[in-house]
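To start, the structure itself, in structure tokens.
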Amino acid sequence: MSGLNPAQQDAVDTLSGPMLVLAGAGSGKTRVVTFRIANLIRHGVRPSRILAVTFTNKAAAEMRERALGILGNKTSEQPVVSTFHSHCVQVLRRNINRLGYPLKFAIYDRGDQESVIRAALREIRVPNESLRPGDALNNISRWKTAGIRPPEAVGHAQTDKEHLSAMAYRRYQNTLKTCGAVDFDDLLLLTEELFTNHDDIREEEASKFDHLMIDEYQDTNGSQYRIVRGLAEAHRNLCVVGDDDQSIYSWRGAEVQHILRFQRDWPEAKVIYLKDNYRCTAAILELANRLIQFNSTRYDKDLEAARFGGDRPQIWQFKDEEKEAEEVVKDIARKLTQPEFEPRDFAILFRTNEQPRAFEQQLRSMKIPYILIGGMSFFDRKEVRDLISYLKVIHSPIDEVALLRILNTPPRGIGQQTVKQLMEYAVNEGKPLWEAFPSVRSIRGISESGANAVIDFASLIRRYQKRFETEPMSHVVRSLIGDIAYQKELERLYPDPKDRESREMAIEQVVNAVSAFESSRKKPTLGGFLDDSALSGGDFDNEKEKQLAKNGVVLMTLHAAKGLEFPNVYMVGMEEGILPHARSVKEEGAAVEEERRLCYVGITRAQDRLTFSLATSRKRWGKARPTDTSRFLYEITGQADNAAKSARMAKSPRDRPKGAAKRG
Ligand code: ATP
Ligand code: MG
């Protein structure tokens with residue numbers, strides 16, 4: 001196997017037992033995992049007995065492809081490369097009935113969760129001002145990742161908001177269960193519960209694989225860690241790779257401790273350190289090394305550049321965010337006139353979701369193709385949600401969130417009064433809403449026309465349930481769109497074709513996604529499609545690949561950039577309050593260290609050229625405010641005094657005299 005240094009080769013040749021590869025950014029950890037998969041297969045391990053876990057769907061697809069590429073596609077069977085969440089879906093699809101959920105359970109995304117929590121807060125009469133739905137969900141998610149269930153949550157609540165959240169949590173969880181639905185946290189939590197309480201299931205699931213490999217191990221949370229242990233305990237062939245300096249998901253419950261404790265939990269583990277960074281030039285790596293030294297809690301390790309020299313990274317400062325975007329994009333445009341560059345060689349990395357707008361505008365006006373990853377998800381569009389809700393109801397009509405969404409969308413004469421009576425009846429009978437439909441004619445307070453509309457709707461859904469069983473999926477979806485007259489509804493709502501265009505395209509994309517899914521699977525099912533779309537957060541695998549193939553400048557968050565690399569990287573908005581984020585500045589300590597790791601992740605994405613930019617004034621709520629240079633820039637450039645000053649300023653911005661914002 002060429003292209004491996006001795007330490008990497010050692011890891012790739014170690015084919016059994018527990019192993020930890022602990023190494024800095026760009027040192028070839030992901031490469032080791034990929035080559036090791038190929039090596040195992042070469043040594044006779046059946047591909048399907050290998051499970052590799054990555055952090056994103058995109059990374060999974062890449063790894064699968066590369067491993068097979070190394071083998072020259074000589075094998076028809078594929079290794080299982082998956083994210084934690086996708087793998088848990090597989091496990092739950094086989095076993096979740098043991099926990100009282102239907103095997104056809106629905107997966108609720110953020111939008112669905114918001115509907116459920118809104119209803120829960122309404123029921124316990126908590127107004128929006130006392131507790132925002134989003135905050136309640138964040139509290140619930142925090143509890144779930146910590147393994148805290150509704151009854152215990154009350155005991156953990158301290159503030160008023162947390163108390164209200166704890167009350168809403170119980171209702172939220174009950175609604176999910178009656179709807180036969182789980183949220184993202186449940187995917188992990190319920191899998192863990194299955195493994196803990198049902199030895200037979202754990203053994204059965206563990207016996208499906210002989211080798212387990214995990215990339216980005218530093219970002220596993222408690223549940224994930226216990227799931228891994230459950231799967232690997234018997235065969236002990238567990239290889240994990242990671243970098244404690246790149247742990248950036250503690251807000252999602254990830255604990256960097258798991259990677260540092262690996263040797264204690266697996267005493268016979270082999271530990272391999274990789275020292276050479278093959279990605280960045282020495283000039284870039286030097287900054288990364290210097291920055292990360294400022295973190296106090298880390299496993300100290302040296303990272304040496306395998307690529308000498310290189311252009312010195314630059315820091316650019318502009319008067320406001322518009323100018324910043326303009327100049328960064330102009331620089332890209334200038335470089336693009338040279339034959340050696342193409343749009344996909346450039347990435348603009350940002351910390352917060354407000355940042356990309358200005359860059360998008362500039363890229364558009366200069367007609368440079370770009371891809372925004374992790375911005376507003378495809379799924380947040382009303383049209384897409386409507387259509388997917390139809391598919392969800394057809395797949396599992398007890399999914400009440402989806403059912404309520406489409407019952408009268410487009411309008412078909414099922415008024416609010418009818419819905420209210422139906423709901424009341426269902427609650428009294430202790431049945432899901434859908435099961436109240438057959439009795440609609442006998443329910444008091446529902447008009448005959450209302451009842452007819454409900455009956456028609458139910459028979460539409462049943463008709464499509466049958467059709468999905470026998471006919472090609474994309475064909476059925478197209479005909480469904482016709483049957484519910486969705487196009488006409490759009491014409492009614494948006495008489496001006498200009499307003500309609502992007503909505504029609506969104507619908508078309510759903511059909512495209514279904515048809516792409518159909519052609520990528522041997523046995524495509526509606527349930528499989530819904531799982532896929534829920535897990536990819538609206539970025540359908542194929543859709544994303546298509547996007548990346550589009551060859552555009554990549555605009556993405558620092559979080560989303562983990563594991564990736566680009567020849568030219570722009571890290572924009574290098575200001576206090578953005579990076580480090582305002583939230584972390586308030587909390588100090590560990591929170592700022594996490595932001596520093598995020599900055600480290602950003603820097604180490606750059607292969608050849610790195611540019612930092614900042615604006616000396618930036619709009620907040622429509623008003624321009626002076627900004628302070630990020631302390632990280634001072635740290636990188638060896639100006640510790642200024643870094644401390646920035647930190648102080650950020651902590652008490654009120655103390656700052658007007659107009660005194662000094663630029664470093
Ligand atoms: P990160 O921490 O960012 O996830 P990583 O440790 O996973 O990084 P890789 O992405 O595997 O690093 O490798 C970084 C780059 O270095 C890739 O382009 C890879 O192909 C290259 N690389 C790794 N090892 C070698 C090697 N021995 N020889 C040449 N190139 C290498
Ligand atoms: Mg990697």
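Cβ coordinates come from backbone N, Cα and C, glycine included.
Here TrEMBL gives region 'Disordered' for one range in the set 521-544, 617-640, 641-664: that range is 641-664. For A25 (ATP binding site), the count of additional Cβ atoms within 10 Å of its Cβ stands at 23 [all protein chains shown]. The Cβ of A23 (ATP binding site) lies under 8 Å from the Cβ of K29, V241, D243, I272, Y273, L274, K275, K301, L303, each on the same chain and at least six residues away in sequence. Filtering G24, A25, G26, S27, G28 by Cβ distance to ligand 1 (under 6 A) retains the following binding-site residues: A25, G26, S27, G28. One residue stands out among the binding-site residues G26, G28 for having the most other Cβ atoms within 10 Å of its Cβ: G26. Checking the binding-site residues A23, G24, A25, G28, K29, T30 against ligand 2 with a 6 Å cutoff on the Cβ atom leaves K29, T30, in sequence order. There are 26 other Cβ atoms within 10 Å of the Cβ belonging to K29 (ATP binding site).
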